């Protein structure tokens, strides 16, 4: 048992097939990138422990297939999640326009109203961009989401996306339970919020 782990959090990664959900997960957990990575079949699952403001949190990260034929997995996949990363491909506009569908699904199946949402525009290393950064930012603002652009290939923004999501979860009262007995939590409402490792890229809007 990890006695010094503050809490275990369930994080989901959702979005259309081919947007790079699995690549973002593997870059974050294993620091690897495979350009020939096959599409996820069903659900993949990885665990990683990170430190946020002196507190260690264990992340149980669920990566699901974007294809319609796997939608029967949906209810159990969403149950109990505290955070969700919603991914689109900045080079494919249709993956951006379908974000509303994913948000509707999230609202239908998620068991928490206060879960933290992060919008990630992936594949910014490519030249053929179809979705402007300001469009992503505007969408995130509309739906009260954190926002960042990233590249699983080059690492840009990946670590920040997960760290900022977890930090926001830990700052949300009642969203998580402490695994440490009688130790208290080293998070203070009086402390100024740090800008984050992304240097202003990532913001709650």
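In case you wondered, yes, glycine gets a Cβ from its N, Cα and C as well.
What Swiss-Prot records for this protein:
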- 17, 20, 21, 22, 23, 34, 35, 40, 66, 123, 125, 152: GTP binding site (BINDING)
- 22, 40: Mg(2+) binding site (BINDING)
- 198: S-palmitoyl cysteine (LIPID)
- 202: S-geranylgeranyl cysteine (LIPID)
- 202: cysteine methyl ester (MOD_RES)
- 31-45: motif 'Switch 1' (MOTIF)
- 63-80: motif 'Switch 2' (MOTIF)
### Query
Where does residue 21 (GTP binding site) sit in the DSSP three-state scheme?
helix
#### Entry: Euclidean distance between Cα atoms of residue 125 (GTP binding site) and residue 22 (Mg(2+) binding site), Å
17
### Query
What is the total of other Cβ atoms whose distance to the Cβ of residue 125 (GTP binding site) is within 10 Å?
14
### Task
Determine the minimum-neighbour residue: among 17, 22, 23, listed as binding-site residues, which Cβ has the fewest other Cβ atoms within 10 angstroms?
17
